[in-house]
Amino acid sequence: MELPETLYCVLLGLAAMVLRAVPTPVPLTTVRPTVNPQQGLKYLEKFGYLPSASEQTGGLQAQGNLNKAIRQFQRFAHINITGELDEPTLEMMERPRCGVKDIVGTANSARKRRYAIQGSRWRKHDLTYRISAYTQDLPAFEVESAVEKAFQVWARHTPLTFTRIYWGRPDLDVKFSVGEHGDGNPFDGSGGELAHAFFPQYGGDAHFDDGETWTVRTPGGTDLFIVAAHEFGHSLGLGHSDVRGSLMAPFYQGYTPAFTLPPDDVEGIQNLYGVADIDRPSPHPRPRPPSNDVDVPDYDARGTSDPTTCSGHLDAITRTKNGSTYAFQGEFFWRLNDIGPDPGYPMRINDIWGVAGPIDAALFWPSTGKTYLIKGERYWRFTNAVLDEGYPASMERFRGVPTHVDAAFEWGRNGKTYFIKGNQYWRYSKGWGVDDGYPQPLSVWTGLPDKIDAAFQWKNGKTYFFQGGRYWRFDDDNLRVAESDPQYPRSTAEWWLGCPIQQEPDWVGSQDGEAPGTDSTDQPDGAEDQRVNGLVGGSDASRASWRGSLTSLCVLLSLWFSRTIQNAH
C-alpha cells in the first residue's frame, strides 16, 4: 500500500476515535427509519422469517408468504400487526439487536413462544471460558468484570459454573471483532447487529461487534453486560423469546440498573439444566434433567421426526455463496439452519438442482463462491442453487481426481481441495491438478473411520466428516479428531438435523474422542511428520480463513466515521 493511503487510513481512524470518545445514547424509538422496503425484505430473510429469495424457484418471494412473514415479525416485535412494511415496522427493523435468527426450524408462529429452547445444551455443568480478544473502548478489567457478571446471571439459577482460563482450549470463547471475522457472519459496524453467539452444538462461542461503543454502568453507548448476558443465553441453548421484557428478546434493551433475570428466562434455562440448590423447593425438589437427554419444548421447533431425516445418513453436505448449508440424502435434500432443517424441506434434488439423486459428493469453494454437485463421471457447478451455463461437465477437468468419489471439501488450514474415495484421499490444487504423491491412506487423518460418506468446511471454519449416522469434527491445529464434551463421533440426526435425542449409543462414551478402534499413539517413528506433510503440504501452507487486510480496515473505519458524524449531527 502506498504511504499516502496509509496515512489517510490512520488519520481517518484517529478522527473516528476522537468522535467516539464521548458516548451518546442510542435512540431506540425516535429515529426515523433508514431501512427501505428492499432492505426490509433482506431483514426478514436474514432473521429466519423468509427463505432466501435467491433459492426460490423464481427468485422472488410470493406475496402471501411475504405478508405472513411481516405479520410474524410484527407479532414478535409487539407492534401493530398489518402485514405491511409500514413505518413502525421499518423503524423496528432499524433497532440494534442480536445477530442470531428469531425463527428457526419449524416453530409454530401462531403460538406464544414463551422461552425458546434451541434444541441443544451442554452435558456438563462446569464450563470454562476465555476472553481471546478485547475491545479498546473499556479497560480490560471492566470487560472481564462485565463478562463474569453476565455468566453469573445464568449460574445463579442453575447448577452451572463458569471458570475463566487464560490459555488452552475453553468451552466458550469470547472475543471482540469487526467486519468479517472468520465465522461467515460479518459484523456491520455501529448499530444494527451488536453481537452473535453459537448454540452449544456449534461450540457456544460469543462474538461482539467492536464497531459499537461498548460501555458499562451508563445509559450511553452499548451496555456490555446486558448484551453479553443475552448472548450467553444462546451459548447455553436458548433461542429468542417473543415475551415482552425477556432478556432473550432479540432487540437491545439498553442499560438496566439492578438487573434481575425475568421469570421467562429463568424457566427456560432451568428447563435445560435444572435448578440451583438455592432455588430448589423443599421437601420435594424439582428433578434435574438427566445428563443424556434434552427436554423437547412444547412448541414444534426441533425439526421433523420424519424417519428418513432422522436416520442421520448423508450422501453429501455443502454450502453456497449466500451462506446456506445443504444436506443431501438419496433423492432429497434439506436446507439447514442452526438447529435443523428449514420449514418446507425435504425437497427433491432434481426439482431444484436439476440433478437426479442420489449424488456422490458436494463441494464449495469460498474463493469463487461456486458449489459443485458430483455424481459418477460428471459434475454440476452452481452459483447458490442456480446452475451455471455449460454444465454438467466431465470429472476429467479435475485432473487426476477419480470418478465416483465419496466426499470432497476444501480444507481451511491450507486452502487445498481434498477428494475421498474408499480408504484413500487425493489432494488437489486449483488450476493444476492432483498434487504429487497422492493418493494417500485416509488413516493419515487421525481418529476418522476408514470410510467417509460426506465432508465439508462449515461457516465457523471447522471441518466435519460424516459416516453412517455419525459425524466427527477435525482439529486443524493438532491434526486429529477434536476433543470435546460430548465427544466425537456424535449423532448427525440429533446435532445437525434437529431430531429428538435417542438413547446414547456406545460410541459417545469413547475416552479420547476418536472413532472406536483407533489409537493415534500406535504410529511408527516419523509418522507424525509424514502425516503433517501429507495433510498440509509443506511449511509454507497458510490458513485460507485469513481474510483481514489494511484496505478492508480502512473501509470499515470510513463507514464507521461517516455514521459517527451523522449521529453527532
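Each Cβ is built from the backbone N, Cα and C atoms, and glycine gets one as well.
Just so you know, TrEMBL annotations are computer predictions that nobody has curated.
Note that the coordinates shown come from a computational prediction; the quantities given were computed from them, not determined experimentally.
Taken from TrEMBL, the feature active site applies to E231. DSSP assigns E231 (active site) to a helical segment in the three-state reduction.
Positions annotated as Zn(2+) 1 binding site by TrEMBL: H181, D183, H196, H207. According to its DSSP assignment, H181 (Zn(2+) 1 binding site) is coil. Counting every protein chain shown, 19 other Cβ atoms lie within 10 Å of the Cβ of H181 (Zn(2+) 1 binding site).
Annotation note: D209 (Ca(2+) 3 binding site) sits in a strand segment as assigned by DSSP. Annotation comment: TrEMBL describes D188, G189, D209, E212 as Ca(2+) 3 binding site.
Feature annotation from TrEMBL assigns phosphotyrosine to Y391. Cβ contacts within 10 Å of Y391 (phosphotyrosine), excluding its own Cβ and spanning all protein chains shown: 15.
The annotation region 'Disordered' is assigned in TrEMBL to 276-307 (among others).
Taken from TrEMBL, the feature region 'Disordered' applies to 506-538 (among others).
Residue counts for the repeat 'Hemopexin' (311-355) under DSSP (helix as H, G, I; strand as E, B; rest coil) come to 5 helix, 17 strand, 23 coil. The repeat 'Hemopexin' annotation in TrEMBL covers 311-355 (among others).
The annotation repeat 'Hemopexin' is assigned in TrEMBL to 356-401 (among others). Per-residue pLDDT, averaged over the repeat 'Hemopexin' (356-401), rounds to 93.
Per TrEMBL, repeat 'Hemopexin' is recorded for 402-448 (among others).
Positions annotated as repeat 'Hemopexin' by TrEMBL: 449-499 (among others).
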*Counting other Cβ atoms within 10 Å, pick out the least crowded of the binding-site residues H196, H207.*
H196
*recorded positions: D183, D209, E212, E231 - member with fewest neighbouring CB atoms within 10 Å*: D183
*CB neighbours of D188 (Ca(2+) 3 binding site) within 10 A?*
15
*Sort the residues of the repeat 'Hemopexin' (356-401) into helix, strand and coil with DSSP and give the three counts.*
3 helix, 21 strand, 22 coil
*Folded-back contacts onto the repeat 'Hemopexin' (311-355), same chain, C-beta under 8 angstroms, at least six residues removed*: 48, 51-52, 54-55, 57, 100-101, 104-106, 118-120, 184-185, 198-199, 201-202, 239, 301-304, 361-364, 369-375, 380, 382-385, 387, 392, 407, 453-459, 464, 466, 468-470, 491-494, 496-499
